[in-house]
């Protein structure tokens, strides 16, 4: 069971935690209504017919939400991501933390994991803070 949970978490980070970025390729919509919406595809956002509420109304909204450095990180974000970053110390090890300014996970050499915003790995940080893995 634990193996399944770990695989699910890692698989979720590959496409990003924001599932709204992914095109569900819905065949049938309620009332047959389809709208032009934008979804992440590779390094950009592209328009595609979708059911109301799927994807984003504009390419700009999609890019802000689906790429590191921009977007709505309110979905599935751990509160520790917004704590103070770890400080440096002589006996410290490599510590990963979330930088809210750049909306990325960064590594601090010789960091003291005394901060709430300290993660054991970049993947752990990305999963907790909703950062897409590139």
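Each residue, glycine too, has its Cβ placed from N, Cα and C.
As stated in Swiss-Prot, the feature region 'Linker' covers range 70-82 out of the listed 57-69, 70-82, 83-95, 96-108. According to its DSSP assignment, residue 51 (disulfide bond) is coil. Mean model confidence for the domain 'BPTI/Kunitz inhibitor' (83-129) is a pLDDT of 82.
Restricting the disulfide-bonded residues 45, 51, 105 to those with a CA within 10 Å of the CA of residue 129 (disulfide bond) leaves 105, listed by sequence position.
Around residue 125 (disulfide bond), a 10 Å sphere centred on its CB holds 25 further CB atoms from the protein chains shown. The disulfide-bonded residues listed here are 51, 66, 81; among them, 66 has the most other Cβ atoms within 10 Å of its own Cβ.
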